[in-house]
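According to TrEMBL, the UTP binding site annotation covers 138, 201, 232, 263, 407. Marked as substrate binding site by TrEMBL: 233.
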């Protein structure tokens, strides 16, 4: 759990019980009564919200709010980190397969088509582009040759379907933030050889940190968007089933879904992994859940990792780590892999886990402050945290090229550059790059964080084929045809401006405020 304070502490403060007071002998019983009261009050408030909706909508919303109340009830029971650090076991030898040991399928069209027809591709499409200064869904930000994340995804799947005469469907999990815009945008793909399905993840009420009740006054989400939130991608399992798509795909004879973030441009359908799951390399014991992991670097120390715990393979997030072990968690030597959030899951196994009600994901407590200053809590879950609920879970250590997320303008610089070429909707690293790692790029938040501002600072994207590390801070612009090599640091002091001239070649250079260029 990510919150630094236990739910019971807030409840006790609200009840007027201070930590320095003498704890009564029946304190455990008192805690339980306090928690039950909090849950009852929340359920009453949610019922009040439901009464503000049209009767026809209530049954569906009631089911959604029941899931919310269940999540809140589990949150109240949290007593701190959900994991005993000393019980972490060494990863078994076979827990993480090496991607390089996977075999490619025989290049026979029928065989590959049969494999692809057992697959569904799902993209998590609930995020907005606001952090990069864009309106609407993040998936419609142009990232390469005026093509958006969504354009590239559709191109990739259409290419597979055309090449192998297959019928891989694309499913988008939207949120209430992205649903309306996405529905309009997907119409333009009508003539493409891709079936596109959409469904919405849940819409849960944000809770006041002060009184643990929803801040929403009614169920009119459009009227007060700040009062509601999509509860993380762990919500996928329930909402996918409730959409009817899970049942439909199982009835069609499909076996696996490949799920990833839509902003991870490296998350393409991989035939070697698919061959391991449904092809001639299929294991004798079924693999229900695959998490793609990649080697951890110092840039990834906060990313979730794989551990063996209570004889189950599971995802460990930094939020679950006791404070005194955070440095151990960040160690590249102790935990060598991190989660890319590229996941392959067996559809029948998802159905079984939901029917048996054995799905149990750790709660992520996200503290926010609304525009009016109200401090709220939103409770979320992560899709990878379900790993421990499945039988036959494995990790696959994939090349770094399968993890190419675009979260900031520095990532955008990489994917727009000559470091990559575009092939059938997929980004392929240039063969001219001498080593497979991407450069480390840090662009100043004040001048580069918004996409429009970022684009305005480059006449065109520099040549970075030989770049190792770039740091840019302050008011800096780049002329046309600039080449950056080795380590380049450009820092314009406050009030100064640096214009890198057209055609400049900077190799292992530091450029400072008064335009001096020094060897690095």
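Just so you know, glycine gets a Cβ as well, placed from its N, Cα and C.
When the binding-site residues 138, 233, 407 are compared by the number of other C-beta atoms lying within 10 angstroms of their own C-beta, 407 comes out lowest.
Taking the binding-site residues 201, 232, 263 in turn and counting surrounding C-beta atoms within 10 angstroms, the largest count is reached at 201. Note: the Cα of residue 233 (substrate binding site) and the Cα of residue 201 (UTP binding site) are spaced 8 Å from each other. Spread of the UTP binding residues is 21 Å (greatest Cα-Cα distance among 138, 201, 232, 263, 407).
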